[in-house]
Amino acid sequence: MASSSFSVGDGFSKREQRFTGNSSLSRSSFNNGSLLPSHDHTHRKLKPRHIQLIGIGGTIGTALYVSIGRGLMQGGPASLLIAFTLWCTVILGVTNSMSEMVTYLPISSPFIRFAGRFVDDAFGFAAGYNFFVFEAALVPFEVVACNVIIQYWTDQIHVGIIIAVVLVCYGIINIFGVAWYGESEFWLALGKVILILGLIVFTFVTMLGGNPLGDRYGFRYWRDPGPFAEYIKTGDLGRFLGFLACLIQASFTIAGPDYISMAAGEAENPRVVLPRAFNAVFYRLTFFFVMGSLAVGIVVPYNDPVMAAAFKEGRPGAAASPYVIAMDRLRIPALPHIVNAMVLTSAFSAGNSYVYCASRSLYGLALEGKAPRILARCTRKGVPIYSVAVVLAIALLSFLQVSNSAAVVLQWFVNLVTASQLINFSVMTFTFIKFKKALEVQGISRDSLPHRGFLQPYYAWYSFIATTVMCFVGGYTVFLPGKWDIPTFLFSYLMIMVLPVLFIGWKIIHKTKWRRPEDVDLLQDKDEIDQYDRDYIPKPPRNKFMKYWDELFG
């Protein structure tokens, strides 16, 4: 376990040992059919303000500024608002489930390893590689996105130079210690918060007439062309399909507790810090996504021809952003460039987070014996260097963008794993259901946990069913008459087909068993975390400036 009780640099010499304390299960009973796990040598260097902003930064992506306009065109402002609000309740259930487990055992790559410990070793294997492939595939996508965003200003810079610079920055941030990642994400995420707050303020100021045209447009576009748009079909069915399109977009736009969870093994004082970070998710979801979806439907009509043309032509950067289109319409000259600059930082931040999460998921798999042992080795600063190197090697696929034809292949590769995020959410909630049952059977009161979720296990079941259903709904359009398209089918359902293959393959090869509640080991790693809590001494901030930020976000 990443803990202050270990000396720096003991990662290569410490005897491999995962069981400590009062665990009543034998090593073989936990490790049924899998390799002997390794010891966790990451360091707890992420401060409370880092964790809070990592949670925010992972939640807010470029989709909230730009591609959300596509959902607006398909469903209209009311469908968009209802869909995003409804999906926020689902993600809150995922967060509510993860928070209880992660604060109890704040270890590296927690939900991946919990899936193996609490459900089935094969289940953890499948879930781990699903999450790794998802995160790793999105790194080159975000690198290419940075290039596209820069093209908003100029196309004179060679794409290879931009890609190389971004990848070097990712390497520096992620190789030289987790504190570098935490610090970079703190400031980048702060920029995201400022941008979305600024856009929401922009919406409500301009709708009341605070714009160069003096146009007090209010909710004009909710009346004309109206609150609901027809999609694919006409009438009530078309409006329902429009709402469904918005719900599908919300399910891929609104991120869950993945990023907070993945940072659990490297967080200072996790049992105090993490509950605060998880609790804050409710307010972030409500304000950023509900208010954001409302604001988009106010500033432009869903049938805006400029927005439709921007998406159809694939205009770079923020050119397709509903906010930028509204700024141009209201003749506000400088703000579009500011928005594009902030969208660039959002894309860079997203790629940075994907490098971190992908490397830590691979590291977690190596710790559990589900990936080559060398990937579990860390530097003296607690960085799983080989896992980071693998992710950065995958990120070299970004250079496919240099060739236009190869860029299409890159987009296909990324789209193949779009269902993985929903699969992750399903895994998290189902794992919690099994965790809660194990607590009950083994007589451990949930009141004794550092953090207790609400409405459980009903809320977990609600989110599990919703995310599982949406896994299959995402590509439904290919089954409509005249809409069959093989690439779209594969984009939507490949990972859903691959996951059972991974699960069954590992189960057959290693002869794993579905864990009964009474056989689940709830004490593994617990003694080390308890010892860390007893030994933890807060470090004073470096200066008054950092003290201010620590107090504000701590």
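Think of each number as a place in line: the chain as shown, counted from 1.
Using N, Cα and C of the backbone, Cβ positions are placed for all residues, glycine too.
Positions annotated as compositional bias 'Low complexity' by TrEMBL: 22-36.
As annotated by TrEMBL, domain 'Amino acid permease/ SLC12A' applies to 50-513. Mean pLDDT, taken over the domain 'Amino acid permease/ SLC12A' (50-513), works out to 87 on the 0 to 100 scale.
Annotated region 'Disordered' per TrEMBL: 16-41, in sequence order.
Residues or ranges marked as transmembrane segment by TrEMBL: 50-68 (among others).
Sequence-distant contacts of the transmembrane segment (80-107), counting only residues of its own chain at least 6 positions beyond either end whose CB sits under 8 Å from a CB of the stretch, comprise 1-2, 40, 68, 71-72, 113-114, 243, 246-247, 249-251, 253-257, 260-261, 264-265, 267, 270-271, 274-275, 278-279, 281-282, 285-286, 289-290, 292-294, 296-297, 425, 428-429, 431-433, 435-436, 446, 449-456, 459-460, 462-463, 466-467, 524-526, 529. Among the features that TrEMBL reports, transmembrane segment is placed at 80-107 (among others).
With a threshold of 8 Å between CB atoms, the same-chain residues lying at least 6 positions outside the transmembrane segment (127-150) that come near it are 62, 109, 111-113, 115-116, 157, 159, 162-163, 166-167, 170, 258, 316-318, 340, 343-344, 347-348, 350-351, 354-355, 357-358, 361-362, 364-365, 368, 370, 390-391, 394-398, 400-401, 407, 410-411, 413-414, 416-417, 420-421, 423-424, 427, 495, 498-499, 502. Summarising the annotation, TrEMBL assigns transmembrane segment to 127-150 (among others).
Nonlocal intrachain contacts for the transmembrane segment (157-180), taken as residues 6+ away from its ends with a CB within less than 8 angstroms of a stretch CB, comprise 42-43, 45-46, 139, 143-144, 146-147, 150, 266, 348, 351-352, 355-356, 359, 379, 381-383, 385, 388, 392, 395-396, 398-399, 401-402. Here TrEMBL flags 157-180 (among others) as transmembrane segment.
Feature annotation from TrEMBL assigns transmembrane segment to 186-210 (among others).
Summarising the annotation, TrEMBL assigns transmembrane segment to 240-260 (among others).
Per TrEMBL, transmembrane segment is recorded for 280-302 (among others).
Here TrEMBL flags 383-400 (among others) as transmembrane segment.
The transmembrane segment feature in TrEMBL is assigned to 412-433 (among others).
A Cβ distance under 8 Å defines the sequence-distant neighbours of the transmembrane segment (459-480), meaning residues of its chain 6+ beyond its ends; these are 90-94, 96-97, 232, 244, 247-248, 251-252, 418-419, 422-423, 425-426, 429-430, 432-433, 436, 453, 488-489, 491-493, 496. If you look up TrEMBL, you'll see 459-480 (among others) marked as transmembrane segment.
Positions annotated as transmembrane segment by TrEMBL: 486-506 (among others). Outside the transmembrane segment (486-506), and at least 6 residues removed from its termini, the chain residues within Cβ reach (under 8 Å) are 120-123, 125-126, 129-130, 133-134, 370, 412, 415-420, 423, 471-472, 474-475, 477-478, 512.
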Let me spell it out: take the transmembrane segment (240-260), skip the flanking residues so only those 6+ beyond its ends count, and list any with a Cβ under 8 Å from a Cβ in it.
51, 54-55, 57-59, 61, 63-64, 67-68, 70-71, 74-76, 79-80, 82-84, 86-88, 90-91, 94-95, 98-99, 102, 111, 131, 228-233, 274, 277-278, 281, 285, 289, 293, 353, 357, 418, 421-422, 424-425, 428, 467, 470, 473-474, 476
